[in-house]
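Quick look at what Swiss-Prot annotates:
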BINDING   35, 36, 37, 55, 79, 101, 108  S-adenosyl-L-methionine binding site
REGION    286-306  region 'Disordered'
COMPBIAS  287-298  compositional bias 'Basic and acidic residues'
């Protein structure tokens, strides 16, 4: 395994502040990663507090094992399983805060062997959990032009999706794509787009990673799970890193702030209308400070949104 750079947790204090930690509360860190948010939450919990962390990356699980604290528990699995994990522990509707730090982490990006980065040569893997599911290389070896183009367009908003997809399918007849640099160099050759400050392969790598890990489906399932696990006044604190993630989070919060659509002409009282609302936004969407961006350029695109669970 190649040496990964030290992970700098993005919007660390802001995301945890959004949880409004109660010393004796129950909290869930849905994306343990290298434990930045979890460790800060533990610092703010009292002796009767509880923190359950989740991650599907075996390296994150190994990092979590270093935390010897009776208030802390780590679950190996996708964060989409939040409702199931909490149901098993008898904690549905009892959680005071749920935090999600979405996307790929710096250690995952910086470890060439994980296959997430087009900047370093490594096996074309891209799985958050390398022990489960198909790798990017396996999918690219089998998918047809239309499927590849759809993924690049849908999850990467790549303008030249069809051109890149055709090149992949054409080239793999003689030389399958199994290395990150091999794929990145081909995309740079066939993609005429010159986005300022962005490598030609950025959008394609993002798209393939999102597809391989079912990231948007995972997020949607986890957000719906949050409604099941959060207690009244419990907080949801979510950090997104690209427009697809943030759009999903923003629309989810807005949908449950408004409540269900009611056909025109059906008379409902204010109390009945309010009863359908499940969330309310807390503050405005927050971006990292200029200082944080200067310290950690990967934080530039991050957005934090916080919502509070309403009683039904």
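Positions of Cβ are set from backbone N, Cα and C atoms, glycine also.
Counted within 10 Å of its Cβ, the other Cβ atoms near residue 35 (S-adenosyl-L-methionine binding site) come to 22, all protein chains included. In the shown protein chains, 29 other C-beta atoms lie within 10 A of the C-beta of residue 37 (S-adenosyl-L-methionine binding site). Of all the binding-site residues listed (79, 101), 101 has the fewest other CB atoms within 10 A of its CB. Each of the binding-site residues 36, 55, 108 was assessed for Cβ neighbours inside 10 Å, and the highest tally belongs to 55.
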